[in-house]
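J.: Next up is a structure, given as C-alpha cells.
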Amino acid sequence: MDIKKLPKEIIEGRRLKREEDLRFFATANLEELCQGADNIRKVLCGDAVNLCSIINGKSGKCSENCKFCAQSSHHHTGIEEYSFLDTNLIVEDCKKHANKGVHRYSIVTAGRELKGKDLQVACDAYKRMKEECDIDLCASHGLLSEEAFIALKESGVSMYHENIETSKRNFPNICTTHTYKDKINAIKLAQRLGFKVCSGGIIGMGETFEDRLDMAVSLAELKIQSIPINTLMPIKGTTYEDLEPLTEDEILRTVAMFRFINPTANIRLAAGRSLMEDSGRRAFHAGANATITGDLLTTSGNNIDKDKEMLTQMGFHL
C-alpha cells in the first residue's frame, strides 16, 4: 500500500480489513506514517481532546494471573492492598477531577468480577457522582453478569471499560485464568445493554507487531470508539519485570497504526507515557487524541494541569 495515498483514502471512507496485508505498517517510514495518522485525526476527529481519570477503588488480591499486573495474587509486588474505598472519598476525588475539566471518571477495581456488597458500594458511589459531579461516568469492574451491568446502568454509568489486552493468538501467553472469549463476551454484553465501551490493550509484553495489528483490527470490528493504548512499564515482582521497555519510535508506530485502522475512535494514551519524551507529546501528532490524566492504578500518572497546558499549546481544544 502507498502510505502517502492511504490517509486520503481513509478520510474518503476506506476502512482497512483483516483480510488485507497490513504488515507494511511495521516497516513504513515512521515520519510519513505519523503525519498520515495526524491528518486522519484532524479531518475525522477535529482538534477536540478527551481527558479521563481513574481511581483505584479496590486494590490487590486479584484471583487472575495476568502476567503484567501488580495486583494479581499470583505476584508479590508489595503494592498497597485495600478493600473498597469509602464512598465519600471517591465522590470528593471525582469532584476534584470534574472541577479541573476532566471529561470522564471511572472507578477501577481489582478482581475477576465485582459482585455482592462491593457492587452495591460501587453503585452507591456512581449514583452520588451522577448527582453531585458534572462529569461522565465510566466503570471498570471485570467480567460482569447482566444483572451487574444493569445495576451500573441504573446508577448513571454510561461507558464500560474492558481491555482485550492483546491479540486473540497471544492472549493465552499473558493470562490463563480467563479467556479472550470471556473478554469479547463481556464487551458485547455491555454494548447490547446500551453502554459505550472503552477497550484497548497493552503493548510491550513480548508480542509481535502482527499481534498489535490483530488487536487494532479486532477493536475496529467491535466498533470500539475509545481505545486506550498502554505501554508496559515492567513492575518488579511480576512475570514481566525483566522485559525491556519499548522505544518511543515503537510506541509512535503503534499509535499511528491504530489511528489508520480505527480512524474515528478516540485513541487514548494510557500507562507508559513516561517512556516518551515530554509526556508523549509526539504521540499527539501521530494519531492520539485522548489520554488518561492524573495517577493510574499502581503507577504515577501525569499532572492534569500540565497535560491541559501542553495540549492547548499543541492546538487541541479541551
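Here, residue 1 is simply the first one shown, and the rest follow in order.
Glycine residues also receive a Cβ, built from the backbone N, Cα and C atoms like all the rest.
The domain 'Radical SAM core' annotation in Swiss-Prot covers 44-270. Taken from Swiss-Prot, the feature [4Fe-4S] cluster binding site applies to Cys62, Cys66, Cys69, supported by sequence analysis. Sequence annotations record features per position, and here Swiss-Prot assigns [2Fe-2S] cluster binding site to Ser106, Cys138, Cys198, Arg268 based on sequence analysis.
For each listed feature, how buried is it and what is near it?
T.: In three-state terms derived from DSSP, Cys66 ([4Fe-4S] cluster binding site) belongs to neither a helical nor a strand segment and is classed as coil.
DSSP assigns Arg268 ([2Fe-2S] cluster binding site) to a strand in the three-state reduction. In sequence order, Asn50, Cys52, Cys198, Gly200, Ser226, Ile227, Pro228, Ile229, Ala288, Ala290, Thr291, Ile292 constitute the residues six or more apart from Arg268 ([2Fe-2S] cluster binding site) in its chain with CB-CB distances below 8 Å.
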J.: What is the total of other Cβ atoms whose distance to the Cβ of Ser106 ([2Fe-2S] cluster binding site) is within 10 Å?
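T.: For Ser106 ([2Fe-2S] cluster binding site), the 10 Å Cβ neighbour count is 23.
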J.: Counting across all protein chains present, how many other Cβ atoms fall within 10 Å of the Cβ of Cys198 ([2Fe-2S] cluster binding site)?
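T.: That number is 27.
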